[in-house]
Ligand SMILES: Nc1nc2c(c(=O)[nH]1)N[C@@H](CN(C=O)c1ccc(C(=O)N[C@@H](CCC(=O)O)C(=O)O)cc1)CN2
């Protein structure tokens, strides 16, 4: 079997095309959305992701506000930029690129953000809204994964989804989305401390690998015909992305997200959805 490709690049392009029309409508009502980003440090991967987010936003007519601080920035310097973005009316939504350098209290930074401008859906208020089933911005990677599965007709209702990883941007919030009544999946949350991970993976209709461990999910761990999504963004010595899913899984799975070109572009597209929706909400 050769898996059908869950093409995140093409799906993201379709989402961006729809958003362009909504941005034009916002502009006609006097509001140009502006996406702010705060990048702290010089991590090459983070720099690429932030550059991609601004490239995308410019493509759909959203203004860019880029803030950068060196890796040596203090908690107070980072929080000062967050306060500035909270106050700036031209910034209608923003993100703090994660991870922040070691020694910085990430939760304190996220908590300081204006929840109405939180384009990542990672502010405690917005994560709380998700738990309570109330409307609000959804975390971009989990929602991007769901949109991709829907677009390719992968059945989520009643499916057993095994999520590997417990990071705040993907693994931790994804089960919250999948177990809503509207999605109706059953989720097993695994992580690097899970005993006999292969035995659990083999039970899955859908595998989401978000542990940051290169080639963690091997062909023999996957049930033939399962859908496999790769969130891993480790890099080899040449800076090339190495995902959490072994390339041989393509020959066993029914669907697979390429990496690059799968979940990454969907994360960026969902960020723009959150920015446009926040701007629409602000106009009432
Ligand atoms: N504030 C946030 N920080 C981080 C998030 C997040 O959702 N919000 N998620 C991850 C990384 N991430 C988002 O910033 C991200 C990862 C990958 C891509 C992407 O477009 N990848 C491309 C390849 C790009 C390359 O060549 O390196 C692809 O997959 O095709 C975008 C965003 C951690 N931090």
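Residue numbers in this text run from 1 along the chain shown.
Cβ atoms are placed via backbone N, Cα and C, with glycine included.
Listed in TrEMBL for this protein:
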- 6-120: domain 'Tetrahydrofolate dehydrogenase/cyclohydrolase catalytic' (DOMAIN)
- 139-282: domain 'Tetrahydrofolate dehydrogenase/cyclohydrolase NAD(P)-binding' (DOMAIN)
- 165, 166, 167, 233: NADP(+) binding site (BINDING)
Review point. Any idea what the model's mean pLDDT is for the domain 'Tetrahydrofolate dehydrogenase/cyclohydrolase NAD(P)-binding' (139-282)?
Key: 97
Practice item. Using the recorded NADP(+) site (165, 166, 167, 233) as reference, state which further residues of the same chain have their Cβ within 8 Å of the centre of those residues' Cβ atoms, listed in sequence order. Key: 169, 170, 171, 172, 210, 211, 212, 231
Check your understanding: Which three-state DSSP class does residue 167 (NADP(+) binding site) fall into?
Key -> coil
**Study point:** All-chain count of other Cβ atoms within 10 Å of residue 165 (NADP(+) binding site)
**Key:** 23
**Study point:** Assigned element (helix, strand, coil) containing residue 233 (NADP(+) binding site), judged by DSSP
**Key:** coil
Point to revise | Helix, strand and coil counts within the domain 'Tetrahydrofolate dehydrogenase/cyclohydrolase catalytic' (6-120) (DSSP) | key: 60 helix, 19 strand, 36 coil
